[in-house]
Ligand code: S3P
C-alpha cells in the first residue's frame, strides 16, 4: 500500500475553468459503508464508492477479516458480511497505507472481537498519534502493543465480551468517537460517547441505517451524548454514497480564484457537520449557489455552482473548524488570493493530520511568495488582492494528498510555475482529480 517512487510535477497559470464535473464518493462514508456492510449477514450493495487507495485499504482489511467484498463491472460493490461479532483472525498484518480513518475505526471494531490484529502503514500514518484511540479502547478490555509514542506498527488483542464504556472526548475527533462506537457494537450493554464539540456524524446516521439502536441527546450547550446499545444485529443495505465535500472544496476554490471561471460541481454532500468551507467562502464574498438540493444515501446533497469572485480576508471563527477540518489547506490558498488578511486559530488538530498541515502549508506558501505567519494553532495569511501569486518555488507535499491538491490549485493562479515534489498521494482520496481539473480547463473532450 505504500506509494511507489515520488512523482514530481509543475503547474502554471490556467485559463478560465468552465463546465460541470461530478466529484467522487465521500471518503468517510465509503469507509463506513464497507465496514458496516461487512458486519451485516447477507448482501449489501454500494454505488458511488470512492475507489481511492485509503478506501481500498479498508476493503482489503474487511476481506482479510472474512467478508466477501467485490467490485462489479458496473462499478457497484457488493459485500457479503460476517455479522457483528463474526470478524475472523486475519492471517497477516493489515497494511493501512496512508489511512488514519481505516486504522482508527478498525482498531475499534477489532477491540471487541476475539482476534489479534497488527496494523502497519506508510511513513505518514506511522507518525500519527494512536493513543487517542488506545486510551479509551483499553478501558473496554482490549490490549495494545504499540510502537513508541503510541504509533504504528501496533497490535490490538480484542476482548469478547468487552466492557461497555462511557467516554468524554478530549479532542474533537469523529475517528475517536467512531472507534468507540464500533467497539460498542459487539459489546453487551450501552456504550456512551460524550461529544462536547460536534464532529461529522456519518457513523451515527449509518449505524442507525444498518439497524443499531442508537440515541443522541443534545444538551443546551451543544454537547452531544451518543448512546449505542450493544450486540446489534445488522441488516444488509443498498447504499448510494454522496459526493465528497472535501474533494469538491478543491474545485470550488479553483473556480473562485481563477479569473473568468464558471463551474458546477455536482453531487456534493452537504451534511452540516461537513459544510463549513462553503459558509466561510461565502462570507469571504464567494459567489456560490446551491442547485437541486436533495437527499442521497440519507445525506443532504446539492450541485454547487461557483463563479470567479473577488474574495476578502476573514477571521475564521474557531468553532467552525470541526465542520471544515480537512478544508483548511485549500482555504489557505483562497486566503492567499483574497484582499487583506485572513486569520485562523484553534486548529491544533491540523498538526496531527497526514502531515502537520499548519507548518507544511506555511512552508509551501512561503516557497511561492505568499506571506503567511505560523502561530501555535493557526496561520495568518496576507492575500494578493486577486493578483496572481508569485509562484516559482518547490513544495514538499509530505505524503499528504490535501497539501498536494491545494498547491496544484495555487499553481493555476501563479505567475511562475510551481513544482510539487510528489503528487502521488493524491490517489489516496481523489484519483480523478487531474482529469476533472482538465475537463474544467476544457483540455479533455468529455464522452457522453
Ligand atoms: C474522518 C474524521 C476526521 C477527518 C478525516 C476523516 C472520519 O479526522 O480529518 O479525514 O472519517 O471520521 P479526525 O476525527 O481525526 O478529526
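Note: Cβ is positioned from N, Cα and C throughout, glycine not excepted.
Among the candidates 326, 377, the one that TrEMBL lists alongside 27, 28, 32, 173, 175, 353 as binding 3-phosphoshikimate is 326.
Record note: among 1-24, 49-72, 1-24 is the stretch given as region 'Disordered' by TrEMBL. Counting residue by residue with DSSP, the region 'Disordered' (1-24) contains 0 helix, 8 strand, 16 coil.
Residues from the binding-site residues list (32, 128, 357) with a C-beta closer than 6 Å to any atom of ligand 1: none. Within the same chain, residues 48, 50-53, 57, 95-98, 121-123, 243-244, 247-248, 251, 254-255, 258-268, 303, 308, 388, 391, 399, 407-408, 410-425, 430-432, 436-437, 439-442, 446 sit at least 6 positions outside the region 'Disordered' (1-24) and bring their C-beta atoms closer than 8 Å to a C-beta of that stretch. Looking only at Cα atoms, residue 32 (3-phosphoshikimate binding site) sits nearest to 100 among the binding-site residues 100, 128, 357, 402. Sequence-distant contacts of residue 357 (phosphoenolpyruvate binding site), defined as residues of its own chain at least six apart whose C-beta falls under 8 angstroms from its C-beta, comprise 328, 329, 350, 351, 400, 402, 403. A distance of 7 Å separates the Cα atom of residue 353 (3-phosphoshikimate binding site) from that of residue 128 (phosphoenolpyruvate binding site).
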